[in-house]
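For 8, the entry in Swiss-Prot reads N6-acetyllysine, with the evidence type similarity to another entry. According to Swiss-Prot, the omega-N-methylarginine annotation covers 25, 27, 72. Sequence annotations record features per position, and here Swiss-Prot assigns region 'RNA-binding Arg/Gly-rich region (RGG-box)' to 25-33 based on similarity to another entry. The zinc finger annotation in Swiss-Prot covers 4-21, 45-62, 65-82, 89-106, 110-127, 128-145, 149-166.
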(Lines of atoms letter the chains of each structure in order from A and count residues from 1; the text may use other names and numbers.)
(Lines give C-alpha, C1' and ligand atoms only; values in the text may rest on other atoms or scores of the structure.)
Protein backbone atom coordinates (compact mmCIF):
# COMPACT_ATOMS: atom_id res chain seq x y z
CA UNK A 1 0.00 0.00 0.00
CA UNK A 2 1.46 3.35 -0.88
CA UNK A 3 1.60 6.22 1.60
CA UNK A 4 -1.04 8.21 -0.27
CA UNK A 5 -3.75 5.55 -0.05
CA UNK A 6 -6.41 5.41 2.63
CA UNK A 7 -5.72 2.68 5.21
CA UNK A 8 -9.45 1.93 5.53
CA UNK A 9 -10.52 1.41 1.93
CA UNK A 10 -7.20 1.31 0.04
CA UNK A 11 -8.17 4.10 -2.34
CA UNK A 12 -6.24 7.32 -2.95
CA UNK A 13 -7.50 10.88 -2.64
CA UNK A 14 -8.29 10.97 1.06
CA UNK A 15 -6.97 9.91 4.46
CA UNK A 16 -8.51 7.26 6.72
CA UNK A 17 -10.01 9.89 9.06
CA UNK A 18 -11.97 11.32 6.11
CA UNK A 19 -12.87 7.95 4.58
CA UNK A 20 -16.43 7.77 3.23
CA UNK A 21 -16.67 4.13 4.31
CA UNK A 22 -17.65 5.46 7.72
CA UNK A 23 -16.40 5.19 11.29
CA UNK A 24 -13.66 2.94 12.54
CA UNK A 25 -13.87 0.05 10.12
CA UNK A 26 -12.51 -0.04 6.64
CA UNK A 27 -12.78 -2.66 3.99
CA UNK A 28 -9.39 -4.12 4.94
CA UNK A 29 -8.42 -5.09 1.41
CA UNK A 30 -4.74 -5.00 2.30
CA UNK A 31 -3.53 -7.14 5.17
CA UNK A 32 0.00 -5.62 5.43
CA UNK A 33 1.39 -9.05 6.34
CA UNK A 34 -0.85 -9.61 9.34
CA UNK A 35 -3.10 -12.19 7.70
CA UNK A 36 -6.33 -10.21 8.02
CA UNK A 37 -8.57 -9.29 5.15
CA UNK A 38 -11.97 -8.02 6.15
CA UNK A 39 -14.76 -7.45 3.66
CA UNK A 40 -18.26 -7.04 5.02
CA UNK A 41 -21.36 -7.51 2.93
CA UNK A 42 -23.35 -5.68 5.62
CA UNK A 43 -21.66 -2.37 4.85
CA UNK A 44 -23.02 -0.44 1.88
CA UNK A 45 -20.80 0.20 -1.13
CA UNK A 46 -19.59 3.78 -0.95
CA UNK A 47 -18.18 5.54 -3.97
CA UNK A 48 -14.80 7.08 -3.24
CA UNK A 49 -15.27 9.52 -6.12
CA UNK A 50 -18.48 11.25 -4.95
CA UNK A 51 -18.82 9.94 -1.38
CA UNK A 52 -22.35 8.61 -1.96
CA UNK A 53 -23.47 5.10 -1.06
CA UNK A 54 -25.04 2.56 -3.39
CA UNK A 55 -22.37 2.38 -6.07
CA UNK A 56 -18.61 2.21 -6.54
CA UNK A 57 -16.33 4.71 -8.28
CA UNK A 58 -16.14 2.60 -11.45
CA UNK A 59 -19.91 3.10 -11.84
CA UNK A 60 -19.95 6.80 -10.85
CA UNK A 61 -21.23 9.48 -13.24
CA UNK A 62 -18.84 12.13 -11.87
CA UNK A 63 -15.76 12.71 -13.98
CA UNK A 64 -13.57 14.02 -11.15
CA UNK A 65 -13.24 13.08 -7.50
CA UNK A 66 -15.22 15.15 -5.00
CA UNK A 67 -14.02 16.35 -1.61
CA UNK A 68 -15.39 14.10 1.15
CA UNK A 69 -15.73 17.08 3.46
CA UNK A 70 -17.67 19.61 1.35
CA UNK A 71 -18.70 17.50 -1.66
CA UNK A 72 -17.20 19.84 -4.28
CA UNK A 73 -14.57 18.93 -6.85
CA UNK A 74 -11.13 20.36 -7.46
CA UNK A 75 -9.54 19.35 -4.17
CA UNK A 76 -9.45 16.53 -1.63
CA UNK A 77 -10.64 16.60 1.99
CA UNK A 78 -7.22 17.19 3.56
CA UNK A 79 -6.91 20.42 1.52
CA UNK A 80 -10.52 21.57 2.07
CA UNK A 81 -10.98 25.15 3.31
CA UNK A 82 -14.42 24.40 4.80
CA UNK A 83 -14.69 23.44 8.50
CA UNK A 84 -14.12 19.74 9.04
CA UNK A 85 -17.38 17.81 9.04
CA UNK A 86 -17.65 15.50 12.03
CA UNK A 87 -18.51 11.89 11.25
CA UNK A 88 -20.09 9.69 13.88
CA UNK A 89 -17.95 6.70 14.81
CA UNK A 90 -19.45 3.35 13.91
CA UNK A 91 -19.20 -0.17 15.31
CA UNK A 92 -16.47 -2.29 13.67
CA UNK A 93 -18.79 -5.28 13.74
CA UNK A 94 -22.13 -4.12 12.32
CA UNK A 95 -21.20 -0.71 10.90
CA UNK A 96 -23.91 1.12 12.87
CA UNK A 97 -23.22 4.23 14.97
CA UNK A 98 -23.79 4.58 18.70
CA UNK A 99 -21.71 1.73 20.12
CA UNK A 100 -18.36 -0.06 19.87
CA UNK A 101 -17.76 -3.61 18.63
CA UNK A 102 -17.26 -4.96 22.15
CA UNK A 103 -20.77 -3.70 23.05
CA UNK A 104 -22.43 -4.85 19.82
CA UNK A 105 -25.73 -6.75 20.09
CA UNK A 106 -24.78 -8.71 16.98
CA UNK A 107 -22.23 -10.87 18.83
CA UNK A 108 -23.25 -13.95 16.87
CA UNK A 109 -22.03 -12.14 13.74
CA UNK A 110 -18.65 -11.24 15.24
CA UNK A 111 -15.79 -13.22 13.72
CA UNK A 112 -12.60 -13.86 15.64
CA UNK A 113 -9.42 -12.95 13.73
CA UNK A 114 -7.45 -15.65 15.59
CA UNK A 115 -9.54 -18.80 15.25
CA UNK A 116 -12.01 -17.73 12.54
CA UNK A 117 -15.06 -18.74 14.57
CA UNK A 118 -18.13 -16.55 15.02
CA UNK A 119 -19.54 -15.33 18.34
CA UNK A 120 -16.52 -13.58 19.83
CA UNK A 121 -13.68 -11.23 18.94
CA UNK A 122 -9.92 -11.85 19.13
CA UNK A 123 -9.37 -10.39 22.60
CA UNK A 124 -11.94 -12.84 24.03
CA UNK A 125 -10.63 -15.89 22.15
CA UNK A 126 -9.79 -18.95 24.24
CA UNK A 127 -8.00 -20.71 21.39
CA UNK A 128 -4.58 -19.07 21.31
CA UNK A 129 -2.44 -19.89 18.29
CA UNK A 130 1.34 -20.06 18.09
CA UNK A 131 2.77 -18.05 15.21
CA UNK A 132 5.97 -20.15 15.24
CA UNK A 133 4.47 -23.61 14.68
CA UNK A 134 0.86 -22.76 13.82
CA UNK A 135 -0.65 -25.00 16.50
CA UNK A 136 -3.35 -23.90 18.94
CA UNK A 137 -3.10 -24.06 22.72
CA UNK A 138 0.10 -22.09 23.26
CA UNK A 139 1.92 -18.94 22.17
CA UNK A 140 5.37 -18.68 20.58
CA UNK A 141 7.24 -17.85 23.78
CA UNK A 142 6.07 -21.18 25.24
CA UNK A 143 6.56 -23.17 22.02
CA UNK A 144 8.51 -26.41 22.37
CA UNK A 145 9.14 -26.67 18.63
CA UNK A 146 12.58 -25.44 17.76
CA UNK A 147 12.95 -23.30 14.73
CA UNK A 148 16.03 -22.05 12.96
CA UNK A 149 16.73 -18.52 14.20
CA UNK A 150 19.10 -16.15 12.47
CA UNK A 151 21.04 -13.27 13.95
CA UNK A 152 20.32 -9.95 12.30
CA UNK A 153 23.69 -8.58 13.42
CA UNK A 154 26.11 -11.18 12.02
CA UNK A 155 23.85 -13.27 9.79
CA UNK A 156 24.75 -16.56 11.47
CA UNK A 157 22.08 -19.05 12.52
CA UNK A 158 21.52 -20.45 15.99
CA UNK A 159 21.28 -17.24 18.00
CA UNK A 160 19.50 -13.88 18.06
CA UNK A 161 21.10 -10.43 17.77
CA UNK A 162 20.69 -9.79 21.52
CA UNK A 163 22.83 -12.91 22.16
CA UNK A 164 25.43 -12.08 19.50
CA UNK A 165 29.08 -11.77 20.55
CA UNK A 166 30.07 -9.77 17.45
CA UNK A 167 30.43 -6.02 18.09
CA UNK A 168 27.75 -3.92 16.44
CA UNK A 169 29.09 -1.55 13.79
CA UNK A 170 27.48 1.86 13.45
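Every residue gets a Cβ built from N, Cα and C, even glycine.
The zinc finger (128-145): residue composition by secondary structure is 3 helix, 2 strand, 13 coil, according to DSSP. Predicted-model confidence for the zinc finger (89-106) is 77, expressed as mean pLDDT. When Cβ atoms from all protein chains are considered, those within 10 Å of the residue listed as 'N6-acetyllysine' total 22, not counting its own.
Taking H, G and I as helix, E and B as strand and the rest as coil, DSSP gives the zinc finger (149-166) the counts 3 helix, 2 strand, 13 coil.
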